[in-house]
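Worksheet for the structure shown next.
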């Protein structure tokens, strides 16, 4: 657990969470002096949080550990509109039943990070005030504080103008700003936290409170979880890396972190574990074969936070058992691949590297469930590699290869 610094701002800064802040000096001062109620919103687009939400949950957890009160806001109302930020198309519309089911699932996962006992944190759902909103009153009360010109200049809308932005989605920013307004009135919430892709929406909430009520309001964004090449982390051969063990097993989850790029280890240890920063820096400074020890620590710590100590230990032991008989991934023969290989079928790459003699040999292995990548069976004979499908390739029972990018 992080040693108690006087101010959580310094902890967040040192660990690399902070990206953009509305009033940096004021925020640092109030976080050091007051108990702040803050919120982060989660739209229920699926019945599980994924690794992209993980960093926001850690952001909340650090704030709570330093005496501040989190509100985890489930978007049961905004989820019916869909956030256009970072999207080139319109989200599929979900039914009320789907949204409510997803909200319940997400609430359970949040309790792994946040202590909701004795009013230490609040679980709220914006469906409570958005679904039965009086449209005319809302327009008169809130709409007058928004400039359409300024809204259209926001990055989240600008990128959508060419492909078409629906009026439904155009309302999202105002709805999110209204959430902040309501949470301020109900719980004296004065700060919003969120991913950096939410910056435009968050500024709207801060400005609404400051204009309408002449009250102090603040926003901080956290960095998005990207690898050393700037690509979003958390994708596997199966798709997203989920926090639900039914969707991504603890073993698969452990393996993902065990096999990340060397350059990403220190950043992930800082953002996704509670290890002291001295230890994070020590592990991050390890080189060559030694960095694998740091990856084991990362995989264990992250899996422990999400799935508990027992599942983390099981995943660690399963990995050691798999590689225990001389099949250690660090010592396994490497298959070095380039960007050019990502457009080829895996079987063609294996024939090129003389790992298998013919494609028909590879097809037979796949048909007999004898080929897996990071413990996931390959079922498609036309399977192609990409940045997120590197790691342990197993052919039959005894052949192991470490697929790495050259």
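Any Cβ shown, glycine's included, is placed from N, Cα and C.
Pulled from Swiss-Prot:
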- 39, 172, 176: L-tyrosine binding site (BINDING)
- 235: ATP binding site (BINDING)
- 344-404: domain 'S4 RNA-binding' (DOMAIN)
- 44-53: motif ''HIGH' region' (MOTIF)
- 232-236: motif ''KMSKS' region' (MOTIF)
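Annotated features, which come from Swiss-Prot, shown on the structure.
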residue: 39; record: L-tyrosine binding site; DSSP class: strand
residue: 172; record: L-tyrosine binding site; DSSP class: helix
residue: 235; record: ATP binding site; DSSP class: strand
Which listed residue (39, 172) has most other Cβ within 10 Å, given these are binding-site residues: 39
Separation of alpha carbons, residue 39 (L-tyrosine binding site) and the residue listed as 'ATP binding site' (Å): 27
Packing count at residue 235 (ATP binding site) (other Cβ atoms within 10 Å of its Cβ): 18
Neighbour count (Cβ, 10 Å) for residue 176 (L-tyrosine binding site): 27
PLDDT averaged over every residue in the motif ''KMSKS' region' (232-236): 78
Span of the L-tyrosine site, taken as the largest CA to CA distance across 39, 172, 176 (Å, rounded to a whole number): 17
